[in-house]
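This report refers to the structure that appears directly beneath it.
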Amino acid sequence: MRPRKAWMLVLLLALVQLLAVASAGAPDEDSTDKEDAIEEDEEEDEDDDDDDDDLEVKEENGVLILNDANFDNFVADKDTVLLEFYAPWCGHCKQFAPEYEKIAATLKENDPPIPVAKIDATSESALASRFDVSGYPTIKILKKGQEVDYEGSRTQEEIVAKVKEVSQPNWTPPPEVTLVLTKDNFDEVVNDADIILVEFYAPWCGHCKKLAPEYEKAAKELSKSSPPIPLAKVDAIAETDLAKRFDVSSYPTLKIFRKGKAFSYNGPREKYGIVDYMMEQSGPPSKQILALKQVQEFLKDGDDVIIIGVFKSESDPAYQLYQDAANSLREDYKFHHTFSTEIAKFLKVSLGKLVVMQPEKFQSKYEPKSYVMDIKDSTEAAAITEHVVKHTLPLVGHRKAADAKRYTRRPLVVVYYSVDFSFDYRAATQFWRNKVLEVAKDFPEYTFAVADEEDFATELKDLGLSESGEEVNAAILDEGGRRFAMEPDDFDADALRDFVTAFKKGKLKPVIKSQPVPKNNKGPVKVVVGKTFDSIVMDPKKDVLIEFYAPWCGHCKQLEPVYTSLGKKYKGHKNLVIAKMDATANDVTSDRYKVEGFPTIYFAPSGDKKKPIKFEDGNRDLEHLSKFIEEHATKLSRTKEEL
């Protein structure tokens, strides 16, 4: 028994030894947890270090460097901060750098010190966008986080003085110069002003917010003019009656008022553009002619229509009516007036008459030398403008890029060649123009013009005539936006007459700029090209939503996935087509679908393709586009209630 017990004891001791070894080799749970915690703490410390790196504000020659990451944290507790937005490649920024460093050194000695910082606007795009930076360098002052524009010169003395002024504890922003108009004061202010610019805006409108600082800067500048030109604004959402009264349907809408009479504002929308435009608009719309010699020079050497009002004096009621009419057309034509009886005699008219005539180079035996209108006390300004517009074009005019909008009446017959009315080339120019006159006299319902081939090189290319090899080419532009090119051949009056006659009889095929027709067009969004616009968009049996886009347009790229989802959503509706067209590479063959920006979206309802509905909602998401379709669709297979 003893040997057996001894053997059992040995085995037991061996087992205990093995357990002890195993226990020593295995990791302790508490120990493992502690190690994991240490590792996590180290990682958190590393993250904190990274955050600290992001928030760290570096300094270069005394100027602090701010970026998208550290900006808000840095300015949060600062009373006043001077900022410069710059571009590394900007020459003006490089020239300004030493001056800015001197400014930083000076303001550092201020009590308390005022931080001076710079921001690379090309790399810190979020900040540049936030502060509407559009030029370099742009200087801003922050006062308790609020932006203060700096409009002075880029000198140490002027900038330091302005920053110190803003840093004073009792400094407050100056009141807005822009007047605020409501229904209570609108008529009083507007009726009393010789000229005033009024902006109708919506508080939520992005374009209005972008315009606001430029508008206020312009208001400040124009308030210093002599006499001052006031600028005002109307909240069109709160003042709905005023907005309706002046046909405000989009924002911002700007209108010029002269003693209460409204005129369209067609000028720029930035400070200097607004200032220059309003300064020009504040002058008289018509210039006085004192000497007969001036009229004679207009006739002999002029190259534009001559518009002259003949009146007794400035107190003549007809004169004021003429001024009102001239104001509405002052951007398109040059107006003149005279109180000279000698000039009236030369023009063969009595006082109170409006005379519209062409310089000698544009006169012909087929048309009157002048068109005269009698302006009475009962005459309306609209009748005067109608008379001017109706008679400003000669039988065959000179169409130029600068006045192309005068030639909006269609059909328009254009003859292209080297048009030059200078002394040396006038005879050659008139040689071809006279041939056009022979045809134009027989088609009074059409507008005829000659145009210089170099000025309209792009138009000739689109017509397929840029490489025709002919000295003279011709085309017809019709009211539907279509273009017809005359086959290149020897040009004469008979050839042009045959071309115009063929057009009148509907025997010509239009020239259409078009990408190739897609071979496979079965995707959720149909691709439309110039050659398929009529067959797809103008299909009378189908509702069509058409997007006009440009390949380079950022908004179009953002819209693309949403528009594709829209196509998928309605793919099962056979009588509804979701389509898109590159409007830069294809002709829109109907003038009812005007494309003035990208993207432009229209709904073309079945059976009424000449009245497309434009998508005006700023929210181009799936929900709003779907709602737009369902509001106007005539061919959805399900009812709107079900949708």
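Cβ atoms are placed via backbone N, Cα and C, with glycine included.
Small disclaimer: the values here were computed from a predicted structure and weren't measured.
What Swiss-Prot records for this protein:
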COMPBIAS  27-54  compositional bias 'Acidic residues'
DISULFID  C90-C93  disulfide bond
DISULFID  C205-C208  disulfide bond
DISULFID  C553-C556  disulfide bond
DOMAIN    21-168  domain 'Thioredoxin 1'
DOMAIN    170-300  domain 'Thioredoxin 2'
DOMAIN    503-634  domain 'Thioredoxin 3'
MOD_RES   K365  N6-acetyllysine
REGION    24-54  region 'Disordered'
MOTIF     90-93  motif 'CXXC'
MOTIF     553-556  motif 'CXXC'
MOTIF     640-643  motif 'Prevents secretion from ER'
SIGNAL    1-20  signal peptide
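Listed by sequence, the residues of this chain that lie at least six past the ends of the motif 'CXXC' (90-93) yet keep a Cβ under 8 A from its Cβ atoms are 84, 136-137. Counting only same-chain residues at least 6 apart in sequence, those with a Cβ under 8 Å from the Cβ of C556 (disulfide bond) are E547, Y549, A550, F598, P599. Tertiary neighbourhood of the motif 'CXXC' (553-556): same-chain residues 547, 598-599, 620, selected by CB-CB distance under 8 Å and a gap of 6+ residues from either end. Geometry remark: C208 (disulfide bond) versus C553 (disulfide bond), CA distance 22 Å.
Within 10 Å of C553 (disulfide bond), counting CA to CA, the recorded positions C93, C205, K365 contribute nothing. Between the CA atoms of C93 (disulfide bond) and K365 (N6-acetyllysine) there is a gap of 63 Å, rounded to the nearest whole number. The two recorded residues, C90 (disulfide bond) and the residue listed as 'N6-acetyllysine', show a Cα separation of 60 Å. Averaged across the motif 'CXXC' (90-93), the predicted model reaches a pLDDT of 93. The secondary structure of C208 (disulfide bond), as reduced to three states from DSSP, is helical. Comparing the residue listed as 'N6-acetyllysine' with C205 (disulfide bond), their Cα atoms are 56 Å apart once rounded.
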